[in-house]
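Visitor: This is the structure I want to talk about, given as structure tokens.
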Amino acid sequence: ATAAGGGAGSAAALWSEVNRCGQNGDFARALKSVNKILQISKDDVTALQCKVVCLIQNGNFKEALGVINTHTKVLTSDVIAFEKAYCEYRLNRIENALKTIQSASQQTDKLKELYGQVLYRLERYDDCLAAYRDLIRNSQDEYEEERKTNLSAVVAAQSTWEKVMPEDLGLREATYELCYNSACALIGQGKLNEAMKKLQKAEAFFLFALVFLQDVTEEDIEAELAIIHGQMAYIMQLQGRTEDALQLYNQIIKLKPTDVGLLAVIANNIITINKDQNVFDSKKKVKLTNAEGVEHKLSKKQLQAIEFNKALLAMYTNQADQCRKLSASLQSQSPEHLLPVLIQAAQLCREKQHAKAVGLLQDFADQHPANAAEIKLTMAQLKIAQGSVTKACMILRSIEELQHKPGMVSALVTMYSHEEDIDSAIEVFTQAIQWYQQFQASQTRGANPKSPVHLSLIREAANFKLKHGRKKEAISDLEELWKQNPKDVHTLAQLISAYSLVDPEKAKVLSKHLPSSDTMSLKVDVDALENSHGATYVRKKAGKVTGDNQQKEQGQGDVKKKKKKKKGKLPKNYDPKVTPDPERWLPMRERSYYRGRKKGKKKDQVGKGTQGSTTAGSSELDASRTASSPPTSPRPGSAAAVSATSNVIPPRHQKPAGAPATKKKQQQKKKKGSKGGW
């Protein structure tokens, strides 16, 4: 009994110690007391709960989850559902956390809050929005501002990733977090100028809030501002202000923020700005996207975009195997996505395997008909690059949903005209016009009004036929246009011109519809027109010169004839008594008396005098000629440059041989030719 009483007394003291440490926030010391209690009573439910809470507060989520899983009989889901789900959430086991929350018998406010966070991480934004609305409606505590912030974050995510038009939730932008989320939603809608103003407002709110915040370090301030500035730089990039965006991105990286997600996004954006230029900088930046924990900080679309850019960077840096590996991995993750197969095709084109690239694209188009249009456009581009314009036209005409589009019709007609296939070009016009006729008939229940696009196609078809001498085929199109607008004189004139070659009588009948010359007269001031600068210039130029003007011109001609020609300059050593050399105008080598240059006896010497002289034994003293000396850097194109297995340091890392001597020689030359001096 005494021993039992002593144990109970020590347990009570330990519990009071746990309570005191918990209130002071000293959870490490509280954990020690809890462990002592569990030594006395290992299945104490309260002690086990306290131990789990202490471990969570100390950041030991894995150990806390281990305690829960070890004592499942005591710590049932009803008792510790929130703690278990929270540990799973922090360990990035999001699916497990969702199951734990859904299996709880009672949905407390804490579980509902965590449920909203889990849904956000799973990118189930509609369910998340409903969960936070329910929380805000049924909760009244000091965390209402945080819930509104989370709600605005969900709306921003919907606008950015799902392109959903956000509804006005009536949230008052009283904090910088709400302003920031509102700016993100505006970016998703493409309202970049408004988004920039919101971000500037968010920055002002944050700087103002610092006045009332205590114990805020410089690192905390820089981290918060880095997020805002990163979004500003992204807007600049979208606006085409790439230099400003790049400067701001680099400033953020220099600050070395601890947020790996922010660094990964900024590095990815810099890579997109660099494109196929400055690849060495891109290879440095891509390392930031591989940091540990990045996959838990970014959305699926962000991670996917980063992987796409890695594959493109591998292609730009001629890492063909790496590019194929990354694009194949992306295709296995998203079989219906276009970019992986386009990257693979681009890599094959860089390797001059155009036929294989077209085959790859064709297989993808057959397997995914929904995305076939964009793939076939790429195939047509490859065929054009190969010079197969006719095959490219066949591919384009196989895209049924684009056949009637004005842009497609224009492209096909241009390509067929280039190939001088006028019949096929006219067929393209005919098919497009028929499509619009059928579509409008179905929309207007038998009525036949012509849309502007339809009339424009008929007009272009008629002009094309007239241009290529197909006036007989253009008549039906011109009649249709004139029927739609009988006051169109230009169309009527074209119609009469076409009929004049086919049916002259019909042309005469139609010519009666032309307006009379009185109605066609224009109010033109003839005197003003004749006195204009252009008309005066033409009249003076065209007019004949007669009378005094002609005599003046003849007189001027006489004066010009009397002008004496200037005497040519004679050389200084000219002697009139000596006959000039008749071959003086020929080059020296072509003159009859040229005997060539006198060859010196010492042709092996470099030059004259002491500076350029060499000794007969110089070749023996030259270390580069000995067998034991290492080979020097070969000249471009020399046989020594063929060796690819040598371990010589590349030239850009090597100090050029003889560089000091060259520099010294240049200095001597400069000194010799200088005029001033010290």
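Heads up, residue numbers simply count up from 1 along the chain you see.
Any Cβ shown, glycine's included, is placed from N, Cα and C.
It should be emphasised that the depicted structure is a prediction, and the values quoted were computed from it without experimental measurement.
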Visitor: Under TrEMBL, which of the candidate ranges 94-149, 430-485 is annotated coiled coil?
Guide: 94-149
Visitor: Using a Cβ cut-off under 8 Å, which residues of the same chain at least 6 positions beyond either end of the repeat 'TPR' (226-259) come close to it?
Guide: 176, 180, 183-184, 187, 192, 195-196, 199-200, 202-203, 206, 219, 265-267, 269-270, 272-273, 288, 297
Visitor: Tell me, what is the mean pLDDT of the repeat 'TPR' (226-259)?
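Guide: Summing pLDDT over the repeat 'TPR' (226-259) and dividing by its length gives 94.
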